[in-house]
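*Asks:* After the structure tokens below, expect a handful of questions from me.
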Amino acid sequence: MDRIVSSSHDRTSLLSTHKVLRNTYFLLSLTLAFSAITATASTVLMLPSPGLILTLVGMYGLMFLTYKTANKPTGIISAFAFTGFLGYILGPILNTYLSAGMGDVIAMALGGTALVFFCCSAYVLTTRKDMSFLGGMLMAGIVVVLIGMVANIFLQLPALHLAISAVFILISSGAILFETSNIIHGGETNYIRATVSLYVSLYNIFVSLLSILGFASRD
């Protein structure tokens, strides 16, 4: 009897996990599309950058709001507000590359981001490997990157900036592996939180690839 109950529970848990994964990918596709629209509008209208302080307040404020409302219907609205804002602040960055004739760099960064996401997701979904061991390493990597970013505010070293971008790509790729594994193993049951986590990883990979490829093109 216990085996029957256990087997039934496992199947229910697996179906629930798959549902979270499907909902996550669906919402992720919608937020990416919305972010692309706001980024395009920001680029075409040549909207100015909101500045460092407003960017940080808007980004972390909306992220906090999204996580706070993740279990409510308003969480979806918060997720779109967050991703839309990041799309808006991406516009001035894209204009910098377009004005320098680096449209091909943007295309390569998009392609590279899609490839990284596909490979990381496919690996976890195929192997179903538990990636929870990455948690500590990812946190340590984030701390190192933050220290490097603060240091480079004063040092202004191009080599350090490139190194930070490269590490950001590695950390974000690891975060995709970690979050996808967390979803399929039932560690993350909220698709809104999962969506935001994957979106931020994709955003960081794209911006970091832009930085690296743009630097290489200038040389």
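Along the chain as shown, the residues are counted starting at 1.
The backbone N, Cα and C atoms fix where each Cβ goes, glycine too.
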*Asks:* Same topological domain, and so the same side of the membrane, for Val20 and Ile192 in Swiss-Prot?
*Replies:* yes
*Asks:* Quickly jot the same-chain residues contacting the topological domain 'Cytoplasmic' (126-132) by Cβ under 8 Å, restricted to those at least six beyond its ends, or write none.
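*Replies:* Apart from its flanks, the topological domain 'Cytoplasmic' (126-132) reaches 177-178, 180-182, 184-185, 187.
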*Asks:* Between 0 and 100, where does the mean pLDDT of the topological domain 'Extracellular' (154-157) sit?
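*Replies:* 83, rounded to a whole number.
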*Asks:* Kindly report the helix/strand/coil residue split of the topological domain 'Extracellular' (154-157) according to DSSP, in that order.
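*Replies:* Looking at the topological domain 'Extracellular' (154-157) with DSSP, the answer is 2 helix, 0 strand, 2 coil.
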*Asks:* Could you check if the transmembrane segment (74-94) is in contact with the transmembrane segment (23-43), meaning 3+ Cβ pairs under 8 Å among residue pairs at least 6 apart in sequence?
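*Replies:* Between the transmembrane segment (74-94) and the transmembrane segment (23-43), contact is present.
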